[in-house]
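Read the structure below first, then the notes.
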């Protein structure tokens, strides 16, 4: 019961932080931020992860205290009804946020869906606790359930931290071989190397060196790069930005 109360405290605050993050991330490119403000989503995700980790540790400490000084949770039929309604709402919200986050490429929505998923685990844990106590099992069930719930919350925090920190430190966002194969699918491309990628689904950056026939005109080269970029958008993400350095092919592969 205490676990559910502690965890509920994070819901409103994380939603407020999420809204602020979305507002900041949606700001257009300006002189001081030539690459845009998308990483505010990443910072917001890390903040949500830290908040969840703190609450998870708080629940663990509370559970340990109740192991030493057991407390019998009070239960009512109204509590069960409210809990079941909340569980159904959270399942719907979790699925909606996750699908929307994937569709829009929003790290904040995906992070918050994982937060909501931990709400579902909390509610299931509390429901199991209430049923067990109603059946006459000892009150020690409550702190045990709290520890299990804390484990789910901390794991959710880890997943959010992992996904957002990968973006923050510019971990490769797309498999290099996939990009290479797409580029080499064009007859004019003789070789490509130094392929790099970073970012997230809604702000993906790829740069590479492309070797082509030295007799190609500037106009032909420009059209080729445009076609490669369009192909990458179709295969990977519509939000991909490609920076290509053209080089004349001299018969030797650099890869």
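Backbone N, Cα and C define each Cβ position, glycine as well.
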Exercise. From 119-137, 176-194, 195-213, which range did TrEMBL mark with transmembrane segment?
Worked result: 119-137
For this session: Check each of the ranges 23-41, 80-98, 99-117 against TrEMBL and return the one annotated as transmembrane segment.
Result: 80-98
Exercise. Which stretch, 46-68, 119-137, 143-161, tops the Cβ pairs under 8 Å count with the transmembrane segment (80-98)?
Worked result: 119-137
Seminar exercise, completed: DSSP assigns the residues of the domain 'Cation efflux protein cytoplasmic' (175-248) as 27 helix, 31 strand, 16 coil
Exercise. Can you name the far-off residues of the same chain, 6+ from the ends of the transmembrane segment (143-161), with a Cβ under 8 Å from a Cβ of it?
Worked result: 2-4, 7, 45-46, 48-50, 52-53, 55-57, 59-60, 62-64, 66-67, 70, 111, 114-115, 117-118, 121-122, 125-126, 128-129
